[in-house]
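Written out below as structure tokens is the structure these notes cover.
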Amino acid sequence: MAASSKKFHKKKPKEEKQKFNKASKKQFKTKKDSNDAVKSEAVALQLEDDVPDFPRGGRSSLSKQERDEIRAKVDAEFEAEELALKKNKWKKLQKRSQVMPDDLGSLFGDGITGKLPRYANKITLKNISPGMKLWGVVAEVNEKDLVISLPGGLRGLVRAADALDSVLSNEVESNEGNFLKNIFYTGQLVSCIVLQLDDDKRETGKRKIWLSLRLSLLHKGFTLDAVQEGMVLSGYIKSIEDHGYILHFGLSTFVGFLAKDGQAENRDIEVRTGQFVQGVIRRIDKTRKVVYLSSDPDTVSKSVTKDLKGISLDLLVPGMLVNASVRSILENGIMLSFLTYFTGTVDMFHLQNIFPNKKWKDDYNQNKKVNARILFIDPSTRAVGLTLNPHLVHNKAPSSHVNIGDIYDQSKVVRVDRGFGLLLDIPSKPVSTPAYVNASDVAEEEVRKLEKKYKEGSQVRVRILGFRHLEGLATGIIKASAFEGPVFTHSDVKPGMVIRAKVIALDSFGAIVQFPGGVKALCPVRHMSEFEIAKPGKKFKIGAELVFRVLGCKSKRITVTYKKTLVKSKLGIISSYADAAEGLITHGWITKIEKHGCFIRFYNGVQGFAPRISEDDMVKLGSVVSGVVERLTPSAVVIHVNSKAHLTGTISNEHLADHHERAALLKSVLKPGYKFDQLLVLDIEGNNILLSAKYSLINSAEQLPSDISQIRPNTVVHGYVCNLIETGCFVRFLGRLTGFTPRSKATDDHKANLSGAFYVGQSVRSNVLDVNGETTRITLSLKQSCCSSTDAAFIQEYFLLEEKIAMLQSSGSDGSELKWVDGFNIGSAIEGQIGEAKDIGVVVSFDKYNDVLGFITHYQLGGLTLEAGSIVQAAVLDVSKAERLVDLSLKPEFVKKFQEESYKGQTHKKKRKREASKDLELHQTVNAVVEIVKEHYLVLAIPEYNYAIGYASVADYNTQKFPQKQFVNGQRVIATVMALPSPATSGRLLLLLNSISEVTETSSSKRAKKKSGYNVGSLVSAEITEVMPLELRLKFGIGFRGRVHITEANDDNVLENPFGNFKVGQTITARIVGKANQKGRLWDLSIKPKMLAGTGEIGIKSTLEEFNFSTGQLVTGYVYKVDSEWAWLTISSHVKAQLFILDSASEPNELQQFQERFKVGKSVSGHVLNVNKDKKLLRLVRRPLGALSIRNIDGQDKRRGQSDNNISDESVTAHVHEGDILGGRISKLLPDVGGLLVQIGPNTYGRVHFTELKDTWESDPLSGFYKGQFVKCKVLEVSHTVKGTIHIDLSLRLSLDGMLPKNSSEFCSDVDSTSKRAEKIEDLYPNMAVQGYVKNVTPKGCFILLSRKLDAKILLSNLSDGYIDDPKKEFPIGKLVAGWVLAVEPLSRRVEVTLKKSNTNGTSKSEINDFSSLHVGDIVCGKIRRVESYGLFIALDHTNMVGLCHVSELSDDHLENIQAKYGAGEKVTAKILKLDEERHRISLGMKKSYFADDIDNQIHSKEESDEEIEGSGVMDDGRSIILTDNPHGMDIEFEAGASSVLAQAESRASIPPLEVTLDDIEHSDMDILVSQNQTNSNEAVTIDEKNKRLAKKKAKEERERVIRAAEERQLEKDVPRTADEFEKIVRSSPNSSFVWIKYMAFMLNSADIEKARAIAERSLRTINIREENEKLNIWVAYFNLENQYGNPAEEAVQKIFQRALQYCDPKKVHFALLGMYERTEQHILAGELLDKMTKKFKHSCKVWLRRVQMLLMQQQDGVQSVVNRALLCLPRHKHIKFISQTAILEFKSGVPDRGRSMFEGILREYPKRTDLWSIYLDQEIRLGDEDVIRSLFERAISLSLPPKKMKFLFKKYLDFEKSLGDEERIESVKQKAMNYVESTLT
């Protein structure tokens, strides 16, 4: 404490008076004891508030009169409080026991007397304030903050921004990501200042202390004149120079310099910028304003601050060493004076002796000289705290030798603080540790006098609760309960642990339970039972002790389960991904069900996915799949097929492509990992699949036959040659289906040699000549004359393969090698330099592309003579990407037009290219000129179309090995356009050459003559070229193309698949019904039988048929498009129709499968509802329209907005009538009892009343319904409102006519009377039993819904027999109630109902309230109605009377808190003490003494009660009361809010009553029913029946076990059981590691270890050396064998490991061994192996990630150091992958804040990487902090990114908000997206 100034003394009296009054009032309320000794202590504690906050010497400024007034006021308060203390003695003593010993040293204000203070200053949460300077120890170093241990056991937080001054923080943060760990370390002593105090949101009553370590705040007031030599200063290293370090003290007036020779060598800490150092001032250079320091630790620790004249409080810094002298001895410490002007206090925990006994005051005589360090300084009160702790005096933090949770049995009691606690000496190693035990932690019950129970020197058993790092003081507990149970701290909790816990709280999200050690855990709602429960409060009771199992324990968040299956499970658990092993059987629980499978959760957050594998998911013959190259063999490519079945397939070399040469080239460039997007399944051989990548087979996959029945004669089918013999060749299709081509039918030239004409694996087109079903022989023809191609697929695949090969060749680079292609567009002009002249042409080079060559043939020179080196403009005719060769032309017709385009720019160039070929159409025949002759194709020019460049193949599928026809440059040919330029054709125009005969016949004159012969109505013979879902493509005549629409295939449009029997190549007869249009040049044809049988005039008439449809007409069409809402049909080639989903059916399951039911091509019939002549569009419905008038409705369906179920257009609902059964979709669940809004048309809605939801009266009829659900509904009423709108009432009740499901075989027609609805008021009569739902609640009563049209009112007096405190709470809206009709008024339509039970029983009120049946002394039973502080209100059984049991009559002993012992609803027994008939009052007593005297009367009363229950049929077992003798045959349960027991039993509810034990859950409901319908039998019979049920259950389980064992034996009948059988298998499959490993396992099961080793060695010698993966599997099995049976195991495994490295990939072997170590939990060995791997494979990202994962899974530190090392070792391009994956691991298993920092770091460098944003957002969404997620989304959408990326971010943001269901935020996101769109447009 510092000496105060005069100015300070002037303000003192007012402040002291206020503090004294307030504090004394508080203390006098809490301290009182009758014992003299305790009383004296209490007085001392009361006077504790009299002690000033920071006492110091000096006289009081209060006058004598003021002091007398204060004392008189205090005395008056004391006397008033003394009376209150006598009444609440027990509570006050309890509060006193909870006073912490720290309260002794709480801070006080200035002194109120002239005497010295009695107590030392201590820092607490109550008196700490901003601006205080404190000394502390660094307890934790986190990524974003520091945790500082402060005096008094407080903890403070330092943000990263407050750890350094702004001068240094920017520099340090820019250099290093996590700079705090590099600057600070745990155990470091630091000086800090309080910035602010915040209330802790998590725990009430706690405050967060925010600190700052900035020297600019701590050294405020320091100047160069104030510092002197020998003073110790703290500073930060600002920069590192050659000879020393520049120090920063937080001041701009001077700096420091620390020489390297003067800086003591630090053992392990590397000197870094920003590091905190302390030094002694050696020299001061005032001219340069530099202070020179030395940091020798001994010198720093011994340097004492000298006395300075005029030193101020600002110059005092925590941690400063001063010489002090003892001024006085205080109650809990000593007062010291130091530096002449200052005084300070030392509390008992900071004395020189760390174990001060009760005689500690003898060690401190007045004026004794001591060394002390400043502990804290409060500038506001000028108070100073000091410490004499020997560790702190030597400038070192005390070491911690104890761990939280440790138990020490022989701890010695050093000192007993009366009423406050014990100081113990804990025998920790290597030195003892002091510990303090609070009085509240001494025993379970309050200990009045600690000094009597615990003597100094005695030994106790203590458990460590915490540790104060600054004082070196542990806190402990010696309660007996602290040593019970396996769990004391969070670290003791392990996943899978079964433990008993007590339920302490219930909420909507689950139950909070507490372990015996005090650790709390959460039991989520889903884990409170095996099944879903609606009311957790009925399942769990607060205070109940149950057995749970720990699910997970991460970040001190423990979750448990009460699921019986998990709690009682004996199977092994999976608590980490390393525990998961193939074949392991364990229990888990389903967390989410998806369409493709379900997610299963295990312990500690481990999650798995169980895919749903059905027959549809299996790979089928003829299907097209995708796959990835796994490896390459000399004869094939092994593919991993992308399917749920995880199959492997092979592609033989011949099946890589249709072109033989291209297939070989593709094989040479393929690499593992390449993905094939389309592969055809040719054959399935067990687990191996034969695949094909041939373009021809994949394109015709749907037409390829797999069975002989699918083949039709005279059709052309694609296949491949599977074998060649002298007499012919075999052609195979799918599977083993094979056809034979005789030698005479193989080629047009009968003399050709088959081996020279075909090769095995060649793609061919085969014409089916004959199919013999009896002999299963298929005869084919491969003649080119009848099997020629009808499209350009052959050459199209050639160019696609060329592009694919070029991509694979450049895949080793960054992909930039193919960018040169963009500069050589076909037909464009390019500038080049003439190079070397060859015999066949001229070579051209390009400046921009050095490695690309151009070539101009002599024919393309155009007669020009060129000199080497000259620059020319040439046109690009062809580009070979693989060879990097460009064919050019200098002919004027090519170059001239492109020069103009090049001059006008690239944009016009592309436009002109489109114009050049805009007149070209598919299947058009053109004249072309050969420009270049390539090996496999021709480059053609079409003069008639602006010299458009096209490409045509010179060979076909069947003629690949034939001698090809020779073409010459300039030769004219005739070709057909087959494909226009597109990405699928590599941007080329593809042509198909016509045959020579066709060329000669298709002259212009003959073609015109042929065309003139075809007219509408003519019959033609046509060949099918393509079969499409909705039309056939045909060719007829010469060069004519046509189509047959699906509606022209049969007369009535009723066939499901009219084109099913047609194949490509088949010849059919058709009639022309429409001329070829100009656009597609396709003729319309028809193959309807009526059309073919009629004349040409009939055909013409049919095409001119008018559009004439009427409403209600039945029409049929075919589906050509379907989406989620509509099916579109084609009625004819010009008329379309649409069918809405809800008009397609009424059954919900059919509506659910809408898209599956209406496949493209399906025939559908419907009735016309609406006609639109302009669009030639019909609106159809499937059901007949009934009484709808037949009329034409012109116009179109207009979209209208309407609210709820009111429709504004009558025509929309004209087809809806009362009684119609419709299909509907729930649009909205209306609130309260509003019911449902159901959509029944595109814009038509109806309302389902709350009483029309279900047949039975249920407590929550809306349960099971959700938005979007399909339902079957019946129209009850269609009414018109005054406004002209239409109101439709619907019902979902299945009991109505026509509402039964189609597949329902039987339904109970006798609907219970309780389920019927009273539709009319005439159906009601007095005393009629009714049920209804609460509609509205008022202070006078409530209204209930009886039916759709009837409501009833219930007066407040009729709501219940007893008093209802809050009707709205007891009768919430929607509650189901049962009662009786009191009155019915038909005219006013008023109905009054009562819910009183007395009326329902038919018993008069006088009988129920008959006092004559009760007598004083009777023993009665009842239920507690209400619990008050003065007693219990008890409702007597079988009456309407309520009695009061006063609190004095509850027990013979005194009860303090009756609310804790009794609760409403409990059954109790009482004795009638007094009856007051006039006032209708009954006084009861429940003392045990009353029942001890009347035991005989009690037995007699019980017998009578049993007889009454037996006679009336009432069963009362504590669960519910059922009256079955009701005159109206209605069962009513009087348990509030529950449904009838009979309904529960029938539905087999999964939640048993709490009174039933777990073993009897399955029979609880049935027992209730039996007890209702049978008389009470004796106990022996009941036990016998129970034993019989248990015996039946055991017999059933035993029978199932026997059946299961038999099934397992049946499954394993083919498994080898002897060594000989295994020998046979290994000989047949010598390369199969699976067989060898099974053989080893067989020997291990026989306990023959050496034999198993011999088999392993033999397998390694036997398996082919190329089968590296198979060998690796054996090595892994060998590892496991030696790990289990080796002696010693570690050396044996290492020997095998060294051998494996010589034969297999070292990296794979290392990972295999690492996996074995992790599975067997050998973490030390795994860590050592990972250290070697990070050195050996330091460039592998996977290795480093495994290292990080291991640290996180074992919750070890050092992740950041591993990350830093990895980034130094890994290549630059792997950094993003590594950092992002590490961040994900941090989010999942580590510290999410570290993961955030990593993501923020990489996003700062790559802010436009949306993939990183997406991963970051996914991790935050998984954590679920909505504020953080939204702020991250806002950052993302504020970036300036391309529209495509911004669309992705906005969509992700919208999906997130939709998942939360907040409509306002959803609209906000949409508005932000609109604002972005508008900003981009503007």
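Here the Cβ of each residue, glycine as well, is placed from N, Cα and C on the backbone.
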- prompt: When TrEMBL marks a stretch as coiled coil, which of 95-127, 425-457, 1448-1480, 1580-1612 is it?
  reply: 1580-1612
Message: Of the residue ranges 49-68, 1389-1408, which one carries the region 'Disordered' annotation in TrEMBL?
response: 49-68
Highest-contact recorded stretch vs the domain 'S1 motif' (1017-1088), from 405-465, 714-783, 1219-1293, 1417-1487, CB pairs under 8 Å: 714-783
Statement: Across the domain 'S1 motif' (583-644), DSSP yields 6 helix, 31 strand, 25 coil
Field: Averaged pLDDT score, the domain 'S1 motif' (1417-1487)
entry: 86
- prompt: When DSSP states are grouped into helix, strand and coil, how many residues of the domain 'S1 motif' (827-891) land in each?
  reply: 4 helix, 34 strand, 27 coil
